Every structure is written in structure tokens, then in C-alpha cells.
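Below is one structure, written out as C-alpha cells; the observations come after it.
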Amino acid sequence: MRKEWLGALSLTLAASIWGGMYVVSKYALAYIEPFTFVWLRYAVAFMVLFVVWFRFGRESIRRADWKWIGLVGVIGYVASISFQFIGTKLSDAHTGSLVTAATPAFMVLFARILLKERLTPVKIGALGLATVGVLIVVGWEGEGTYRVGSIILVLAAVTWALMSIYVKIGTQTLSTLTLTTFAIGVAWLLMTPLMSIEVMQNGFPELNGVLWLSVLYIGVVSTAGAFFFWNKGLELMDASVGSLFFFFQPLVGGTLGWLVLNETLHLNFFIGAGCIMTAVTWSTLAERRQQLPISERNL
């Protein structure tokens, strides 16, 4: 399988898993405080990935590589995730969906500044088409406007985009498995003080069987698995092209909401989905074409 298609598959899996995480996390967060929940998911994810890394992917980590591990862990897995929780709490889920559309735009910007990736007409056009698709899916008007929450959600989008570029840089000298494993480990340690504050205020949650299954699913599938797939996809593709796959989240979330929660899908969902799928296919085919020898590009 060509690396651009493997990268596309990895990014699609990651974004789709995150899109489907809403149903499970909504249930768990009804009983577990947010930072405690994040701490638990990182604990599970780190232990799973560390076992896999120790058994199959051990490699020496140079001192210089810890810079990228730390940046990914702090900016992406601590700051961005925290901003997402706080921003959503202060605004609403609809506003959060709209701000999701900003993340790929910031990724394209940072890819241009930090990676010197070319901004081709195809990249700009595909980004614009996918953004329009998301706006069509979620609509223009939310249930309320919360300025502080919206600003914090923008910070979440900016930090996740910046983290994704650092993943692209870090995987030039580290394997995706090593970078993901230890970045989550760093985030787990740094989330401990926030978790401790919540526990001192509210006590540690009593976890029944269903809650444990929820935590395990989020930790193993939505964190260890999805973070690895996202990072692997960014390793294999231009960051500006890979950013478009972020738009699969609202599509999968909406579809599962229809299947599991009996939510209604309107015509705008399918029109927006068509725009997003067209943009992703367009950019992926263009990426593949750029990988071909010049003599074969017009065949």
C-alpha cells in the first residue's frame, strides 16, 4: 500500500474513533470529573502503549528527542485537551463543533511556517471545501454565544494544530510508537495535579463495571489507538493534507448519534458530508500524484 493511502487510512481511523467517542465519554463524564477522567484514560493508554513499545518497538531516545516528546505531550495532550473541556463547559457542544472546523486551517498555517510546506491551489481549495462542508453539517447558528468559552475553544484548536506539526517533526527521528507512548506518559504525569485537586474536592469516583469498560475503551481505543493512528498518518502525509481528515469527526459523530441516540439527520448533513468526502479524496489524489515521477504525472 502506498504511503499516502496508508496515511489516509490512519488519519481516517483516528478521526472516526474520536467522532464516535462522544457517546461513551458523555456517559462516563456524568459520573467522573473531567480531569480525573483524562488522567484515567492517559493512565490506561500509557500502560498499553508502553507494553507494546517494550515488547516490539524499543529504541534509544536521544536527549534532543525529548524536546518533541515534551512539546507534543504538553501542548497537545495537556493544554489542548484541557482547553477543550473548559471551553465546552463554558459554551456549548454546537460551538465546539464549529471551532473544530478551525483546527485544519491552523494546521495548514503552521505547516507553512514551521515545515515550509507549499500552499498549492489544491490544498487551499480542498481546505475551503471541507470547511464549508463542516459549516453545512453543524449549521451557522448555535444555541447560545459564550465569548470566553469560544476563545478557549479557539486556543484548543490552535494548540492541537501546533501539536500536530510537532508530531510531524518529531517522527523524523523517532518512531511514531515511541513518540506517542512517551508523550502520553508526560501528559499523564502533568495531569496528576489537576486530577488531585478534583479528588480532594469531590473524592475519587466509584467505578462500576460499565464505567470501567468506558474508561478502558476510551483509554485503549480512543487514546492509545487513535493518537497512534493520527501521529502515524501525519508521519506519512503532508500535514496540510492530513489536516483535512480531522473533518471526519463530525460526520462519524452525527452518524453514530443517529444510529445509537436516535438523533435526526437532515439534508444538510448529507450535503456537508459530500463536500468533506470530495475535499479529502481530491487532496489525497493530488498528494499521490506529487509522489509520482514527473514523467508519470500526466499519464
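Glycine residues also receive a Cβ, built from the backbone N, Cα and C atoms like all the rest.
Not measured: the values here are computed from a predicted model.
Per TrEMBL, domain 'EamA' is recorded for 6-138 (among others). Secondary structure of the domain 'EamA' (6-138), assigned with DSSP and counted as helix (H, G, I), strand (E, B) and coil, comes to 112 helix, 0 strand, 21 coil.
Summarising the annotation, TrEMBL assigns transmembrane segment to 40-56 (among others). Residues 32, 77, 177-178, 180-181, 184-185, 187-188, 191, 215-216, 218-220, 222-224, 227-228 of the same chain lie 6+ residues outside the transmembrane segment (40-56) yet bring a C-beta within less than 8 angstroms of a C-beta in it.
Summarising the annotation, TrEMBL assigns transmembrane segment to 68-87 (among others).
According to TrEMBL, the feature transmembrane segment maps to 93-115 (among others).
The feature transmembrane segment is assigned by TrEMBL to 122-140 (among others).
Among the features that TrEMBL reports, transmembrane segment is placed at 146-167 (among others). Same-chain neighbours of the transmembrane segment (146-167): 68, 71-72, 75-77, 79-81, 83-84, 86-92, 95-96, 99-100, 102-107, 109-111, 114-115, 179, 230-231, 234-235, 239, 242-243, counting only residues six or more beyond its ends whose CB sits under 8 Å from a CB of the stretch.
Residues annotated as domain 'EamA' in TrEMBL: 149-283 (among others).
Per TrEMBL, the feature transmembrane segment maps to 174-191 (among others).
Sequence-remote contacts of a segment are chain residues at least 6 beyond its ends whose Cβ falls under 8 Å from one of its Cβ atoms, and for the transmembrane segment (211-230) they are 10-11, 13-15, 17-18, 21, 24-25, 27-28, 31-32, 37, 40-46, 48-49, 77, 164, 167, 176-177, 180, 184, 205. For 211-230 (among others), the entry in TrEMBL reads transmembrane segment.
Residues annotated as transmembrane segment in TrEMBL: 242-261 (among others).
TrEMBL lists 267-285 (among others) with the feature transmembrane segment.
Beyond the ends of the transmembrane segment (68-87), by six or more residues, the same chain brings 34-35, 38, 42, 61, 96, 99, 149-153, 155-156, 159-160, 162-164, 166-167, 169-170, 173-174, 179, 182-187, 190-191, 194, 227 to within a C-beta distance below 8 angstroms of the stretch. Beyond its flanks by at least six residues, the transmembrane segment (242-261) meets 7-8, 11-12, 14-16, 18-20, 22-23, 97, 100-101, 103-105, 107-108, 111, 126-127, 130-131, 133-134, 137-138, 161, 164, 233-234, 269, 272-273, 276, 279-280, 283 of its own chain at Cβ-Cβ distances under 8 Å. Shown for the domain 'EamA' (149-283): DSSP residue counts in helix, strand and coil, namely 116 helix, 0 strand, 19 coil.
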